[in-house]
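Input: a single structure, listed below in structure tokens.
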């Protein structure tokens, strides 16, 4: 083949690859509601993802104690000076992000026992404030794609540096009774998207947040579990006490790599002996296909959600 032919073939291959991943308005899973379109691949795959109403943010569902769209936090008064710890009311301890918008000290799970608060709509610091990251939405091109064994998954089409915000896990914020009702209506063939986030606060109490993106949700619903995930879920509060479930890169993530987090809420599969006992004694569960060396062979199981109401 001539040099001209090789060059033409290379261009055709490049164009074909670009068409296979390049988002278009017609295939935007996010329906134009995110900063960037989210493509679907392959377009003609069957079965198609189950239909759902797209929302980039939490919405109040049945039984929710607080409407996540209500603004309940006061704003900071940082007008002439940048938001820094000690002077900004939103940064009581230390900066949440560095100059590159990366979450600080990613990789230390214990580090994020502390709360993360961003500046909100009532703050006087402006939208260019460094303490506004999660609220600014997607910054990397993502794609919903069909996996070999796990159904639909989510991957990145761009390099994502360690510590950068990737996406939220958004959906209906539910009360516990509604969670139990929905759980008991599920069949063995249904996917469970409901996530329970439990935060231990200084008074010894536990704050619970239940989010279900089954019917109303965002691209976070396509994230699969991994026992060695590349994402870390952090509750981030902006306008109210209802946290945004923000997913950050736990390491550098290469283009084409599937995005995943640990459904159990742990990170890097740090299983305590007590948790291991719960896993061994739990009823039959769905197999895990993450392929990690530390794979527990089954998807995490939260028995508290399956208790009789």
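Glycine is no exception: its Cβ is also placed from the backbone N, Cα and C atoms.
For the Zn(2+) 2 site, Swiss-Prot lists 90, 119, 123; matching the candidates 76, 167 against that entry yields 76. Binding of S-adenosyl-L-methionine is annotated in Swiss-Prot for 150, 151, 152, 221, 224, 225; the matching candidate from 97, 193, 202 at the same site is 193.
When the candidates 83, 102 are compared with the Zn(2+) 3 site entry in Swiss-Prot, which names 119, 125, 129, the shared residue is 83. Per-class residue totals from DSSP over the domain 'Post-SET' (284-300), listed helix then strand then coil: 0 helix, 2 strand, 15 coil. Helix, strand and coil content of the domain 'SET' (140-264), in residues and according to DSSP, is 14 helix, 56 strand, 55 coil. In the predicted structure, the domain 'SET' (140-264) carries a mean pLDDT of 94. Across 150, 151, 152, 193, 221, 224, 225, which the record gives as binding S-adenosyl-L-methionine, the greatest C-alpha separation is 14 Å. Cα-Cα distance from residue 225 (S-adenosyl-L-methionine binding site) to residue 78 (Zn(2+) 1 binding site): 40 Å (rounded to the nearest whole number).
Among the binding-site residues listed (76, 90, 125, 227), 227 has its Cα nearest to the Cα of residue 152 (S-adenosyl-L-methionine binding site). Secondary structure by DSSP for the domain 'Pre-SET' (74-137): 8 helix, 4 strand, 52 coil.
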